[in-house]
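Colleague: Here you go, one structure.
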Amino acid sequence: MTRGKLITFEGPDGAGKTTVLERLVPLLQAALGQTIVTTREPGGVAIAEKIRQLILDVSHTTMDDKTELLLYIAARRQHLVEKIMPALEAGHLVLVDRFIDSSVAYQGAGRGLDKQAIQWLNHFATDGVDPDLTLYFDVPSELGLARIAQNTEREVNRLDLEQLDLHQRVRKGYLELALENPQRIVKIDASQDLESVVAAALAAIITHSQA
């Protein structure tokens, strides 16, 4: 059986990637006629969802940056072996809301932790499984935070409480990753209206599937 494809959705907070992912599922099913599995990080499986609660709990204000990183890595490992790899081995198209690049952008560029150490931990946790395609949804930090503030349905988490400068560093980290990985990462202007962003993401995935 042909191995499925792993497509990751990345971007700073407020970029709208989660909404775009949800909108894409029926469009991709119609276009590709393939089983699609959607999931998220941190989370996706029971153990990883419990780790997610630890990471994002607004009361955990004393969490050390390295502790935060290692919790993300632990959640990633469990998620990979329990959900992502079985779906890929079954030949499915797997869409993941955040993956390895989030750690480099948030804990690396954002928190200032060593990028090489993070990349090593990512490789260790994933056994070298990289995305076949990554869609990076780029949005200015000010706009992203404004969207979060306006979204009354969104539950506030610990990272939402961070200052603007951290979100700006995260965005810079993502932009650097996009420049370093042009064959894998497709940058999408997420400051556009939702329909335009969905159309751009759909086109990128279909183009990749036909390559």
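Cβ coordinates are placed from backbone N, Cα and C, and glycine is handled just like the others.
From a predicted model like this one, the values you see are computed outputs, not experimental measurements.
As annotated by Swiss-Prot, ATP binding site applies to G11, P12, D13, G14, A15, G16, K17, T18.
Give me the local environment of each listed feature.
Modeller: Mapped onto three states, the DSSP output places D13 (ATP binding site) in coil. Applying an 8 A CB threshold to same-chain residues 6+ apart, the list for D13 (ATP binding site) reads G144, L145, I148, L159, D160, H167, V170.
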Colleague: T18 (ATP binding site) has how many other Cβ neighbours within 10 Å of its own Cβ?
Modeller: 16
Colleague: Neighbours of the ATP site G11, P12, D13, G14, A15, G16, K17, T18: Cβ within 8 Å of the Cβ centroid, same chain, sequence order.
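Modeller: Surrounding the site, in chain order, are F137, V139, G144, R147, A190.
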Colleague: Translate the DSSP assignment of T18 (ATP binding site) into the three-state scheme.
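Modeller: Note: T18 (ATP binding site) is helical by DSSP.
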